[in-house]
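S.K.: Taken from TrEMBL, the feature domain 'DYW' applies to 589-681. Per TrEMBL, repeat 'PPR' is recorded for 74-108, 109-139, 140-174, 242-272, 273-307, 374-408, 511-545.
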Amino acid sequence: MKFLNFKIPHSLSLLSPRRAYSFSSQKTQLNKHPLSHKTFFQSNTKDSLISHLCDQKRLREAVQLLSQIDRPPSASIYSNLIQLCVQHRALEEGKKVHAHTKASGFVPGVFICNRFLDMYVKCGSLRDAQKVFDEMRERDLCSWNTMISGYAKVGKLDEARNLFDEMPERDNFSWTAMISGYVHHARPKEALELYRMMLRHENSKSNKFTVTSALAASAAIPNLRMGKEIHGNIVRIGLDSDEVVWSALSDMYGKCGSIEEARHIFDKMVDKDVVSWTAMIDKYFEDGRREKGFDLFSEFMRSGIRPNDFTFAGVLNACADHAAEDLGKQVHGYMTRIGLDPFSFAASALVHMYSKCGNIEDAKRVFIGMPQPDLVSWTSLIAGYAQNGQPNEALKLFELLLKSGTQPDHITFVGVLSACTHAGLVDKGLEYFHSIKEKHGLKQTADHYACIIDLLARAGRFGEAENIIDKMPMKPDKFLWASLLGGCRIHRNLELAKRAAEALFEIEPENPATYVTLANIYATAGMWGEVAKVRKAMDDKGVVKKPGLSWIEIKREKHEFLVGDKSHPKSHDIHNFLGELSKRMKEKGYVPDTNFVLHDVEEEQKEQNLSYHSEKLAVAFGIISTPPGTTIRVFKNLRTCVDCHTAIKFISKIVQRKIIVRDSNRFHYFEDGSCSCGDYW
């Protein structure tokens, strides 16, 4: 289609009737113009057409039309085109506009050059931006700041700092761009050094962006003293009423370990938003103060501000870590009432929470309700099945994941290998282990190696385990050696146990678990002299055995028990009940396993030492405190011992109760004299 003497882009020929009428009207009006309408149209209508196309965000057509103009259009046309290139991150079109300025003889001023700098930086071509910067006859503060910010954002901090040091003058943006660049790329010490330099600079004054970056640097180190100095400066310059600054202050104090100061700052904030609430709640959980975190979450629920997915995910993850299923269910109920988004990552957190709390049915129910489960949900449910005594279901789910087209990651394979370990599926586990690299193109991580060594060692296949250890591409970590040592305990492999223990003593000499496991192995072999040496080594190094702690919740009240504990108000009833149970258990064939009692004492004393382990006390209390038929749920901070595992199987049959014990390794479901782990844990 021809329109006077220049060719209109094809796309413009497809105008709607109204727009076609508009262009027709322009032509009619120009035909009536007393001047040379042909020249006028060519010189002005192309510009107006380009402007019109820019207004409609039709970048390619505008650039195509620009290429047909030999003379330079107005600076505003170039400015609009460049701005549109920035909005679309259209680097190639931006280069064409830049090339046109040179071909047409247009001499850009500082403003247009700065536009090109901004365009190249935001489109990710710092090389072109640097070329424009070097060719500029005149530069202003914006020119320098654009380049410094561009380099800083992508982590080219040395290039950014060189420009920063060269620039003739600086403003708040210059300082903030450089300081925040250091913070975002894990160089907080340099950020604080630059912040101190800024404070000494007579023409510089901090703004809220500068101080929040400096506070983030203090939090990252962490450096409480410097954080307090920045706090003092904030008060002096009058930024202490800004909510963004208050939030950054609270975050700094929390990450520097001063949680009470963080709460003090939080309480003084006038307009708390969902981000502030969520951050403060998370600080309590990160600090291990779950009750405070849950209390603040309850307060948040009453504030009238609607929580977001980050709030829910943080609280649900805390529920998972602390096995607080009742609260997790309340959160789930609230999410349902306000309209749970099945596509959100908070839904994934629900699957994770139920899986970690041992409620695999509800975890599955949430998972099924997700239209498109993400990888986190798949992985959480796979790991949940593995830890909850359903390894075959875990492997079936993994095969479904593969059929769904979802690509597993290294965390998924940790769950899969754990399922094989819990089921004793050695050959299947080896097959999955090798498929990580050969079939899925992933790198085998230290976690994968620890899992496969755990699998082989539990099965007593020590030759294969040692062969893998000797050939693995990275140095074995503490988890791998601990897995090997655990297998040696099961199969009483003294020589390999020594190798594993010596490696662990080098990696973490303060960890009591290594000493205790090695002493257990010696005790089983009747090598009491070696047991004494291990105990002496612990004393000499000041290593204290972590006490076994078990707890149970009855009517929302948490009851904790240590081995031999007599501090509980119902201690007398608990011990009497255990005594009666012990008699009935022995009548049913129970024989106490005294192999791992770390004292060379009489057998009767060993049995007595075993009778009052923390998990037995918690189970007994649960039974006497609840109606018949109630499921007992007990949690333990360490791995449950062999004797307690055997005893609880007998107890479940005698009292006709389902007893669930979550130890540091997995869930054990005891029912009618058997355990879901198949005695393989």
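Glycine is treated like the rest: Cβ placed from N, Cα and C.
Nobody curates TrEMBL annotations by hand; they come from automatic prediction.
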S.K.: Let me spell it out: take the repeat 'PPR' (242-272), skip the flanking residues so only those 6+ beyond its ends count, and list any with a Cβ under 8 Å from a Cβ in it.
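M.R.: Contacts of the repeat 'PPR' (242-272) (Cβ under 8 Å, skipping residues fewer than 6 from its ends): 208, 211-212, 215-216, 218-220, 222-224, 227, 230-231, 234, 279-280, 283-284, 286-287, 289, 303, 305.
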S.K.: Based on DSSP, tally up the residues of the repeat 'PPR' (74-108) by helix, strand and coil.
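M.R.: Split into helix, strand and coil, the repeat 'PPR' (74-108) gives 27 helix, 0 strand, 8 coil.
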S.K.: When you scan the chain for residues with a C-beta under 8 Å from the repeat 'PPR' (273-307), skipping those not six or more beyond its ends, what do you find?
M.R.: 243, 246-247, 250-251, 254-255, 257, 259, 262-263, 266, 314-315, 317-318, 321-322, 324, 327, 334, 338
S.K.: Calculate the per-residue pLDDT averaged over the repeat 'PPR' (273-307) and state the result as an integer.
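M.R.: For the repeat 'PPR' (273-307), the model's average pLDDT rounds to 91.
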